[in-house]
Amino acid sequence: MANADCVVIQGSNMAECHPVGFQWVSEAKARGARVIHIDPRFTRTSAIADTHVPVRAGTDVVLLGAIINHVLSNDLYFHDYVVAYTNAATLVNEDFVDTEDLDGVFSGYDPRTGTYDNASWAYEARADTDGEIQEPAGDDEPESRTRARAAGQELGSYGAPLEHARVVRDETLQHPRTVFQILKRHYRRYTPQMVRDVCGIPEEQFYEVARAITDNSGRERTTCFAYALGWTQHSLGAQFIRAAAILQLLMGNMGRPGGGIMALRGHASIQGSTDIPTLFNLLPGYLPMPVAGEHDTLEDYLSQIASPLQKGFWTESPAYTASLLKAWFGDAATPDNDFCFDYLPRLTGAHGTYQTTMAMLDGEVEGYFVVGQNPAVGSAHARMQRLALGHLKWLVVRDLQLIETATFWKDSPEIATGEVRTEDIQTEVFFLPAATHVEKSGTFTQTQRMLQWRHQAVRPPGEAQSELDFFYELGRRMRDKLAGSTDERDRPLLDLTWDYPQDEHGEVDGEAVLREINGSHLTGEKAGELLSSFTQMRADGSTSGGCWIYTGVFAGGVNRSANRVPRHEQDEVAAQWGWAWPMNRRILYNRASADPQGRPWSERKKYVWWDEEAGRWVGKDVPDFPVDRDPSFRPAPDDGGPAALAGDDPFIMQADGKGWLFAPKGMVDGPLPTHYEAQESPVDNPLYAQQRNPSRLIFPRKDNLWSPSGEEPGSDVYPYVFTTYRLTEHHTAGGMSRWLPYLSELQPEMFCEVSPELAQEVGLENGGWATIISARSAIEARVLVTDRVRPLTIAGRTLHQIGLPYHWGIGRDAVVEGDSANDLLGVVLDPNVHIQESKVASCDIRPGRRPRGEELLRLVSEYQSRAGTTAATAHERVDEVPPEMARRRAAAGAPGETGSTSATADTEGTG
Amino acid sequence: MARKDSTFLGWPVLRQLATGDLLGRGASVTSRRTREVTPRTSTSDRVVQSVCPYCAVGCGQKVFVKDEKVVQIEGDPDSPVSRGRLCPKGAASEQLVNSPSRQTHVLYRPPGGTQWQRLDRDTAIDMIAERYLESRRNTWQELDSKGRRVRRTMGIASLGGATLDNEENYLMKKLYTASGAIQIENQARI
């Protein structure tokens, strides 16, 4: 980021939430960069920025779409980059119909299931091949299945599969079905006036932002975007990020120093928790968890990850999968038994954390492990979380302190309201003390994919223990108890490789686990040697490796995550500090930092380039490209995999080697970002009849009510917008901060931020109390009246936004306690990644403390009945359109809907 | 010094003149206590390199240990990520380790119970292993409602925080998957 000429921070309060990382923004500014902060609130980040742009929460696609439109209409894009490195020139097939023509839905939509069949979004097939592009085997299933697997998350590090890369391109960008022209038409109505009316941003400020980006992009200059949960926690969050990706590709800012889109991740190893996932839909290295009926055999499974004829490194997934299964099941995994692929349990839908919570309420879940997490405070609809805990048979909480999730049975607010009684809660609770980061050794993967080894400083106190030791011990005992079992279902546990060396205190050697993750040669003369690269992995069972993208971290038997060459002893790339996946590359897709001929775009932005004499890619970083591939190389038509990458295909994990402006696959809610209003919004969608994302995941239940939106009767009962956020001095649900005296003293009390105008309107006093009421619950907070929150003018009307930090919870054990902002939220999810919308919702606010006991429930239900909200409110998938439009939609709808094929929906388990 | 401090010779102005610290910003204005203390960082037995456990920036930490106790945690100036800096949370992480309210014993609350009870760790892990296997038996699904093989349990779930080490996540995913538990989630989804 220090190398950027312009930094746009949107959907993040970086100075507050990533204060030390923010020094690189300050550094960029000191070197002359322009810093722009786009956020509903004026924050510590805005204070450092050159410009703060207040925006209505949840409208980012309108702003970004308008900048895209501005760039396209005025020919301000980076032409040579766009033509060579993106799919701008690629033609989309004739069946595709845009939201502009269907009033807010794309072709392929099935209103019964709320899902898309994406067949009509496909690229046009080249006529010189066999005629039509074949989909990867088995992918003729309706998209609903993909959705149920959280497809977007699954495709976390790569593009969706294509059968091959024989596409039709028009590099003049003039053909009406080129991605470029489709993009132009799609964003035609996203204008500065629309930005003014929807986002509340004055036109001159829009032009200021647009100019800053366009002036600071191109050969000589780069612009960088940074976002955090202000973008992800929306019912179309993944599309916010896609919109930024489109803009950055158009401006030529990907794969170059000072460019890119920085996902500012919020936890020490949240990147690692996705790479080596404790997520329902993934196996390590972004391999999918198998799905019943789709992945019955290893062959079915592999054929759906990638086609052998597409470009890039995903074609090697058979080697990654076999190596993973060898790492897990050892000698039991052989080529003859598909490496025990049958041992893996199968998914039948979405089994995410919110679906699981609802399954608990329905009595389907007996046991629950909560490990370093505090859902009773930290998850959306925290009240639903606490009630669900009371339906378990047993609960294991592992933490440093007695967090609210551990004490829910005696401290939860539902006991105060009389809804539940401690004596009636039949959950058996085990609290086990955990080890801190200095009491165990291991790796965190930070926000730029870098693994850093932590050395153990001291042993854990008392009975405290690391997760590594606990789960190793748990597994050991379960295996002991099952020893001798002849039940076939116990084979996977008994065949598991589960013998890790322990030290004299019985602590498991973390390096032994990291070595298993890295992988080894199992046969031949190198048997026993650690792999140095994932390209050494084989599909025949001769290698093992627990997470292919991490292969190389232990190359040569050296723990490279422990590399610590001081910064003064190396250059700015600092390749000898820690280890970044893959293969210690610090900027992904860095081939794009050179022009199609392999020369740096400019001396100023020189990073990786083709050395003609040496016949190699060289530069400041590990080239993210086959190192000896000549820029002029063109593959044979039938080549697949890495061999099919042309010398100017920098996006090596994409199935066609290009950056995707238009996503023919991989996004379940549309190939292009489109503006929809949030689940709860005070305004009607001015762009389309479709109010909300028609593919968002909804849960129509009596305990998950919403306020009416826009012009619907009752929406004025909850007239204000609130957004939730973090503070520097606290950490998420407070488990690691509200028990610390220093931090609790710095930020002792839950508060709400309101503008002086709103304070006057409802009679709030600075330092006094306010009660905030949503359709789910009511909480109290201290009032902070501040100019940091400004009323916006939306389509001529004044709109007030309220800011709420979410760190507090009710429990007697912490140094400080308070009401939890997450109690106000309901559950509605982004369909791509299943993340909840917690950055925007509707509420009312009034002076004074909230009522206690049953009175609290009465207040909430009095509001609900005044607004007339029911379980059906805001749970419509599609909004009404005139008959003529309905006919057009049906004609372009999902095949199942028009009766042309036999596609059936399979949404089992999606709630 | 002690004798001097208690007489007029210890008066600040005289001390300033006597020591050459004319502006009174140096040794002449330090108290006896200040003179007698030394930073914990200089008397520690060892210094261990670590990484801050809060946000994902990955700031380098130096952990100072004396008598097998963490006595101080500071930013690591060698780190190209953080250049020695820590935010208030990272700077308070010594309290995270040495917090007086930190739990170091296993606690148990039986069904319907109103109080925590003590339980030794060995017994607790054994009880959890028993319950795990029992719930797995109770809720095992070999086939789903459509007759497709799923070999799993929907009766056991997990939610992890994102301060887990990669190695820990790896063992958890491996064990859960082999046992047939699939509702395995993480802060990364929240």
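Note: Cβ is positioned from N, Cα and C throughout, glycine not excepted.
According to TrEMBL, the feature region 'Disordered' maps to residues A:867-911, out of the candidate ranges A:102-146, A:597-641, A:867-911.
Residues 18, 21, 262-265, 268-272, 275, 371-372, 396-400, 493, 496, 498, 500, 505-508, 510-511, 513-514, 550, 553, 559, 561-562, 577-581, 586 of the same chain sit 6 or more residues outside the domain 'Molybdopterin oxidoreductase' (A:432-475) yet have a Cβ under 8 Å from a Cβ within it. The DSSP breakdown of the domain 'Molybdopterin dinucleotide-binding' (A:721-839), given as helix, strand and coil counts, is 17 helix, 36 strand, 66 coil. Taken through DSSP, the domain 'Molybdopterin oxidoreductase' (A:432-475) splits into 9 helix, 13 strand, 22 coil. Mean pLDDT for the domain 'Molybdopterin dinucleotide-binding' (A:721-839) in the predicted structure: 96.
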